[in-house]
Amino acid sequence: MIAQTISTRSTRLKFLVVILATVLAFGATIFYGTFGAVLAGVVFLIWFFSSRLTIGWYILVALSPFIGWQIYLEHYFRGSPFFAGWNAPPVEFWAILMLLAFALDYVRQLFDGAQPRLIFPRAKYFLLFGASAFLSLINIPASERLAGVKFIAHFFLFTYFAYVFLGANIVKSKIVWENSLKILVGVGIFGAATGAWSLFIGAWNVGGLERAVPLPIGGIWPLGDQHILLAEFLLIALISAWYFYLTRKTFLTGLLTLFIGVVGLLTWSRSFWLAIIITGAVVGFQYRAKINWAGIAQKFLPLLIILLFVVGYWFYFMYSADMVIGSSNSARASGAEFAWELARTYPLIGAGVGSFVPRLSEIYYYRIDFGDAVDALGWPQKILAEQGFLGFGIFVGLIASVLYSLRSAFLATGSRANRIIYFSAFCLFLAPLIFEMFTTNYYSARLWVPLALALAVIDDL
């Protein structure tokens, strides 16, 4: 009877909340127009997902690869100067909503008398890294320090709390972790399908050789507009699919893993190939005692030899025939040289966060040769230039500590299922970081959601 009474009261309360929210939404729309309607919708979503955090996390994971899709708020709030210049991928807006939903759920638990435990993965490293970023502001002109503070708020604080913190506090079971990987695989199949279709229609062709590239959908490039952006996500999807192949060993999981991997290779992204090779070498060395080398050699050595010949010829052809690659190499070399010069000039704390592009833009000959300045092509260059050897050392220490923890957990467990989880998390953490040593998306959800999933394994699974 008591339980029934409580249930009845709870149902009535929910009904009253819905009625009140509906009235407020209509009122906000009437008096404040579009802004009021959107605000009412956001408030409802925060309330709705505060009790469905896992579903909200799945949506965040699904949105994380689509960094090429930008939402410009000024298009929806015309005439409002407040929203001018506000643009970001959908995943960032969703992450803000999820942080508010998580906060609401936390407060609700406190009022219910619970004592929820908050997890802050590798907090010491991130705090030290953030402190080095603030310290680097000393070398930024006073007129530009506000931009540096905004850079820290967006790319350091937001990235940590939106992806790493939320991941650690929501992904608390093997089921949620595996479902997150399934979503990455699902989006990866979509990305691989678009890449395969681009090969079929000859979207990119030089001298008869074709490259898999992303394709637009309705005028939007959700996975990006360059082959390297497609390869970037297919690498993550490949590792996720490989996990399910290791655990299921079915024809379907093998076929999907092969499909994603082949399309990734056919992007002919040097970063993709290097990430695969370096990750394979590191994993092979770290787990050498647990790997059946004879069996691998028997199965894959002939294929590997053929593949090396094909790849060698393709890269030789591309380097000798494609002026775009030559220009890309020159721009990459010039950017690396400039980053090293900044690191030498400001060795300890760097030239200041967010200062790489403005400083590079000041070099006249770079603009003449390569056009507008782009960010450092790789996180080592970025951190060395902007945060010096102090920030670089802290970040490398973070990477080493996570990889060491995952390897130690792998060696300590006697369960084959757990070994596969730790092994996959090791690759999921390492491979994207290797890829981002050669590109610019090192502060994006595309990188940090997989890293968050790898970190969640250490504390919760």
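Cβ atoms are placed via backbone N, Cα and C, with glycine included.
Curation does not apply to TrEMBL; its annotations are automatic.
What TrEMBL lists as transmembrane segment is 15-48 (among others).
The annotation transmembrane segment is assigned in TrEMBL to 55-73 (among others). Tertiary proximity for the transmembrane segment (55-73) is limited to same-chain residues at least six positions away from its ends with a CB under 8 Å from its CB atoms, namely 49, 83, 86-91, 93-95, 97-98, 101, 163, 166-167, 170-171, 176, 179-180, 183-184, 186-188, 191, 214, 220-225, 229, 233, 236, 441, 444-446, 449.
The transmembrane segment annotation in TrEMBL covers 93-111 (among others).
The transmembrane segment annotation in TrEMBL covers 123-140 (among others).
The transmembrane segment annotation in TrEMBL covers 152-171 (among others).
TrEMBL lists 183-207 (among others) with the feature transmembrane segment. Listed by sequence, the residues of this chain that lie at least six past the ends of the transmembrane segment (183-207) yet keep a Cβ under 8 A from its Cβ atoms are 58, 61-62, 65, 213-215, 223, 227, 230, 233-234, 236-238, 240-241, 244, 256, 259-260, 263-264, 266-267, 317-318, 321-322, 450.
Long-range contacts of the transmembrane segment (227-245) within the same chain: residues 65, 67-68, 181-182, 184-185, 187-189, 191-192, 194-195, 204, 211-214, 253-254, 256-257, 260-261, 263-264, 267-269, 271-272, 275-276, 420-421, 424, 427-428, 431-432, 435, 439, 441, 446, 450, each at least 6 residues beyond the stretch ends and with a Cβ under 8 Å from a Cβ of the stretch. Look at TrEMBL and you will find 227-245 (among others) tagged as transmembrane segment.
If you look up TrEMBL, you'll see 250-266 (among others) marked as transmembrane segment. Panel annotation: around the transmembrane segment (250-266), residues 185, 188-189, 191-192, 195-196, 199, 210-212, 231, 234-235, 237-238, 241-242, 244, 272-273 of the same chain, lying at least six beyond its termini, place a Cβ under 8 Å from a Cβ of the stretch.
Per TrEMBL, transmembrane segment is recorded for 272-289 (among others).
According to TrEMBL, the transmembrane segment annotation covers 301-319 (among others).
For 388-406 (among others), the entry in TrEMBL reads transmembrane segment. Tertiary proximity for the transmembrane segment (388-406) is limited to same-chain residues at least six positions away from its ends with a CB under 8 Å from its CB atoms, namely 122, 125-126, 128-129, 132-133, 135-136, 343, 346-350, 379-380, 422, 425-426, 429-430, 433, 454-455, 457-458.
Marked as transmembrane segment by TrEMBL: 418-435 (among others).
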Residue numbers, six or more beyond the limits of the transmembrane segment (123-140), whose CB comes under 8 Å of its CB atoms: 148-149, 151-152, 156-157, 160, 164, 346, 349-355, 386-388, 390-391, 394-395, 397-398, 401
